[in-house]
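Pulled from TrEMBL:
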{"type": "DOMAIN", "residues": "233-377", "note": "domain 'GAIN-B'"}
{"type": "DOMAIN", "residues": "381-636", "note": "domain 'G-protein coupled receptors family 2 profile 2'"}
{"type": "SIGNAL", "residues": "1-18", "note": "signal peptide"}
{"type": "TRANSMEM", "residues": "383-406", "note": "transmembrane segment"}
{"type": "TRANSMEM", "residues": "418-443", "note": "transmembrane segment"}
{"type": "TRANSMEM", "residues": "463-486", "note": "transmembrane segment"}
{"type": "TRANSMEM", "residues": "493-516", "note": "transmembrane segment"}
{"type": "TRANSMEM", "residues": "539-562", "note": "transmembrane segment"}
{"type": "TRANSMEM", "residues": "583-605", "note": "transmembrane segment"}
{"type": "TRANSMEM", "residues": "611-635", "note": "transmembrane segment"}
Amino acid sequence: MISARWLYCLVLLLATESCRLFCQAASKSKENVMPRPHDVCDGVCKNNASPCFQSCPPNSEGNMKFACKAKRWHKVTETCHTLNAHSIFEEDKELYSVQSSESTIRTHMFNSGLKTITDTLMEKCPKDLSCVIRGIEKSPRIPGNIAVVVQLLHNISTTLTKGVDEEKMQSYSAMANHILNSKSISNWTFIQDRNSSCVLLQSINSFASNLFMKGHLINISHVFIHTLGTVVPRNSLGKNFTFSMRVNDTSDKVTGRILLTTEELQKVPSAFQVISIAFPTLGAILEASLLENMTVNGLVLSVILPKELKNISLIFEKIRKSGERKSQCVGWHSLESRWDRRACKMIQENSRQAICRCQPNKFFTSFSILMSPNTVESPVLTYITYIGLGISICSLIICLAIEALVWSQVTKTEISYLRHLCIANIAVTLLMADVWFIVASFLSGPIVHHNGCVTATFFVHFFYLSVFFWMLAKALLILYGILIVFHTLPKSCLVASLFTVGYGCPLVIAVITLAVTEPGKGYLRPEACWLNWDMTKALLAFVVPALAIVVVNLITVTLVIIKTQRAAVGSSMFQEVRAIVRICKNIAILTPLLGLTWGFGIATVVAGHSLAFHIIFSLLNALQGFFILLFGTILDPKIREALKSRVTSVKWISRVSEDLSSEFSCHPTKGPS
């Protein structure tokens with residue numbers, strides 16, 4: 001009887017428990033299949049609409065903020081997170097479920113702030129900080145979780161200012177490695193605090209600076225953060241740290257190297273420790289979170305050094321290997337949260353790597369290379385440049401040939417002689433400039449052919465300046481003839497003055513530019529044989545004189561137009577005034593064309609992303625020779641008349657030769673019988 005009762009109770013208990021479990025499963029199933037409510041931040045919106053907020057998916061806390069852009073809702077920030085005290089300390093989950101009252105108290109304590117999580121971490125595993133690694137690594141890399149880990153790492157670095165050993169550094173790096181994963185880069189864009197990536201970099205460097213080594217090499221390697229540390233003895237013969245890491249799961253490895261020279265090491269009075277950290281993805285994370293438009297093109301390398309070391313050398317392999325895109329050596333300014341070029345100097349560069357000399361201090365401990373976004377890469381530009389230069393060179397050769405052919409006929413008066421002297425020298429100088437430009441483009445760059453690049457750049461600078469100064473000489477000639485008296489000086493003096501302006505002034509400017517900038521290696525650009533802009537602004541030695549001459553010539557044309565309107569038709573100066581007007585027309589056509597060319601050159605700097613400006617600049621610049629042939633020679637009526645007379649005389653001579661030849665063939669001379 002008792003046994004039957006026990007059996008009945010057992011069956012009833014099992015049925016009750018089964019019903020409870022079935023109801024729970026049904027409830028959970030109903031919760032899982034519950035349709036998601038319609039997103040209020042979807043669809044069309046008005047541009048002046050207020051920000052829209054949307055709740056996070058189930059099992060996460062926080063919200064998502066959307067802003068109306070181009071009449072569509074776009075996510076701006078996201079605070080959704082699953083990491084909290086309940087999940088980050090995974091080993092305590094069973095304890096929470098059993099001790100419900102204690103769990104409520106502790107959960108309230110944990111949710112009061114991240115500082116509490118740090119305090120609990122210090123209590124649970126102060127020796128190696130490992131009790132949170134599993135919980136962090138299992139969490140999804142959503143923006144809110146990334147922000148939680150960043151704040152946790154920051155709190156750890158400010159709490160632990162001493163006693164940091166290899167075990168703690170290993171755990172700290174594992175936490176950082178999780179949020180530095182290449183798959184999380186896009187999520188950094190939506191973190192509410194834009195400075196989170198800066199806080200992360202500063203926290204890692206601060207924590208590493210407190211690392212104490214016991215004399216052996218430390219090598220803590222994760223996929224997205226690698227730490228090397230060693231103690232350098234006194235009088236060491238140089239030291240280097242080499243890193244080789246993947247930017248993502250599929251890319252090839254990219255290397256970075258830190259070099260400490262013997263000369264620098266001699267400045268430290270005793271043995272010291274050096275800690276270096278490499279990050280393959282942090283550059284892209286900084287770019288994404290800060291919305292920067294400068295692309296980091298190498299590893300980010302941090303170094304912890306004694307203050308006596310003022311200079312280090314860094315070798316960066318480029319992630320995107322391109323000879324067309326120039327690089328900049330930079331240091332991360334910890335106070336201003338930005339990349340700063342003042343911290344480093346480019347030593348050498350080619351398409352694969354860049355060598356930088358940097359000056360670490362309390363503000364600069366992290367370094368990398370940036371790839372400029374303003375360079376437009378297009379094969380169309382290359383084709384336009386070389387085809388256009390070919391047309392320009394052929395046009396200039398034809399121009400000089402025509403000038404030589406009709407020289408004696410079109411230079412009978414003094415003013416026409418001086419005019420054609422200017423045209424011929426403009427053609428010669430532009431021809432030489434184009435030839436040297438092609439020579440410079442075939443050199444592989446300043447790194448391999450430094451002396452050749454210096455020579456080519458000097459002559460390109462000199463001859464292009466000469467083109468503009470000969471145009472200025474034409475303008476001064478006009479002013480002299482119109483405003484003063486044309487025949488007060490002998491022709492030899494005028495010719496000497498024109499050559500002084502046309503060749504002397506450019507030579508002085510080119511020589512001074514070379515002498516001032518080349519000793520400091522600031523004459524050339526790192527990536528091409530042309531005047532430097534980033535370091536010394538040597539390019540201004542060409543741009544400023546050229547554009548100033550364009551302005552002067554346009555003012556000259558205006559003055560001549562005003563002056564010649566008053567000239568009487570019956571005056572004795574009428575013939576010379578007509579000649580001067582022809583020169584004025586020539587300058588009025590050529591000056592805007594040549595000036596417009598370099599005006600579009602400035603536009604390519606201001607609007608560097610516009611391919612249209614680059615194409616127009618390359619087209620106009622490459623066809624300058626054709627413009628000179630067309631407007632300076634072919635459209636000149638005097639030259640056309642001279643050519644016609646030359647062609648007529650050639651035909652007449654040819655006809656006479658044919659007549660004589662036929663006469664001779666009809667009456668051959670008889671020899672002696």
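A Cβ is built for glycine as well, from the same backbone N, Cα and C atoms used for every other residue.
Note that TrEMBL annotation is computational and uncurated.
Only residues 6 or more beyond the boundaries of the transmembrane segment (418-443), in the same chain, are considered here, and those with a CB under 8 A from a CB of the stretch are 386, 389, 392-393, 396-397, 399-400, 403, 407, 410-411, 449, 452-453, 456-457, 459-460, 463-464, 466-467, 470-471, 473-474, 477, 491, 494-495, 498, 502, 528-530, 579, 582-583, 586, 624-625, 628, 632-633. Residue counts of the domain 'GAIN-B' (233-377) by helix, strand and coil are 16 helix, 67 strand, 62 coil (DSSP-based). Within the model, the domain 'G-protein coupled receptors family 2 profile 2' (381-636) carries an average pLDDT of 78.
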